[in-house]
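Structure, as structure tokens:
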Amino acid sequence: MAKYAAAIDQGTTSTRCMIFDHSGNVICYDQKEHEQIYPRPGWVEHSPDEIWERTQSVIRGALSKGGLSASDIVAVGITNQRETTVVWNRKTGRPVYNAIVWQDTRTDQICNELAADGGQDRFRAKVGLPLATYFSGPKIRWILDNVPDAREAAEAGDVVFGNIDTFLTWWLTGGPNGGVHVTDVTNASRTMLMNLETLDWDDEILSVMGIPRQMLPKIVPSSMVYGTAVGELAGVPVAGILGDQQAAMVGQTCFDVGEAKNTYGTGSFMLLNTGTKIVPSKSGLLTTVCYKFGDQPAVYALEGSIAITGALVQWLRDNLGLITTSAEVEALANLVEDNGGIYFVPAFSGLFAPYWRSDARGVIVGLTRYVNKGHLARAVLEATAYQTREVLDAMEQDSGVKLTALKVDGGMVYNNTLMQFQADILGVPVIRPKVAETTSLGAAYAAGLAVGFWSNTDEMRANWGVDHTWTPQMDEATRERLYRGWKKAVTRTFDWVE
């Protein structure tokens, strides 16, 4: 009898397939990186074909490592880098252009034109999002405007849009031969095209953005059987879809109003469960769908999205060559006692929450001859913690709820220096769970829930346990002095791009 749930976790830098048992433990997994394509400054692309090839490869690899076959898997869920935009031919499966990645800033002109009538918050009341290069709608518009024949093909229904979840679900369920063209509410809520109240595409916004409705996928719940897989997972129900940050909320079992988590990946993303209530933000956060299980009402969240955190460590490694592996940043940072008076604001693709400034670019401030590479490494880690503090402050303002602890996950949570500094600068305990692969786990939970492998959220919550807690050890005066320095540094990034 099938006794495991599988997740495909398609992230910004790599794709994983993870297989979990009923207790939420990882049984086996496989992972492969894919190429980051930078055609021009501010442009970031992926090859959709390479991503699909990597996906098939990691499914094979995970099954093989676990000595398993498709018959051992009850269901498969998909979680994905959100906003990243693919437009492809529904007859051949061929993309008309590379995937335009969430960090890509090429749509700034489109966003400015749209904001000329009604400002950056023109659509916020309906979609919960500001006009920003981050979201999919303007990326679709760019492809339709710039790829020859794309608009005509879209209007004729020959080419279709999807975020990565949609593209993978379509291929997993047969591609050109009957592939299912769907997206879940969490991914749809990141396009700028879905109305948060109706959970359907908004015709007025589609018309303003110039996007034909017929190219869009059907919006479905995050947990239900969408179709059956072909290929390596032949016969397995494809039954869960969640954007990566929403998947981490489910994996962290943040099912109650007021529960929050922060995921440290390429960027960092803090979400706060607001229940079935849509809470508009006055502090630069996003209002987003957290999850929708079957025919139960949708649950919403406030989100603070930070563009660059883990990516800054990669930059230190790949662009400066100061370290050879990302893990070495901790040892380098520990060569010094503090940041030597420097702050590093990584506005490589503008600033996301709570500023939403696409004109910002990265700065290192406070440099003196005293500063060495250890200070630089420490400033790199501290940047992640300071940006998280800004988001936490905004969340407390919007929700009126004071956070008592922060659940954390993602690759950087094994960096003790960073996690201790995070607790210090927030002034609240930081908690790492036993299973830190919460994004994949959330997708597996959504899929397993749809087929009855887990009968309810209480069963999932029972699986959650604490691995490590960091408590604040910094005095209030030091905390606020350091944070003031950060706020000052951030202002130096503004108005850089004309």
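Every residue, even glycine, has its Cβ placed from backbone N, Cα and C.
Glycerol is bound by R82, E83, D244, Q245 in Swiss-Prot, and the record lists one more residue there from Y38, Y134, Y291, which is Y134. In Swiss-Prot, the ADP site is described by T12, R16, T266, G411, N415, and among G61, G227, G310, G366 the residue recorded at this site is G310. When every Cα pair among T12, R16, T266, G310, G411, N415 is compared, the largest distance found for this ADP site is 21 Å.
In the three-state DSSP scheme, G411 (ATP binding site) falls into the helix class.
The binding-site residues considered are R16, R82; of these, R16 has the fewest other C-beta atoms within 10 angstroms of its C-beta. Summary for the binding-site residues T13, Q314, N415: the Cβ-based neighbour count within 10 Å is maximal at N415. Maximum intra-site Cα distance, glycerol binding residues R82, E83, Y134, D244, Q245: 15 Å.
Here T13 (ATP binding site) is positioned 15 angstrom away from Q245 (glycerol binding site), judged by their C-alpha atoms.
Note on the binding-site residues T12, S14, Q245: the fewest other CB atoms within 10 A surround the CB of S14.
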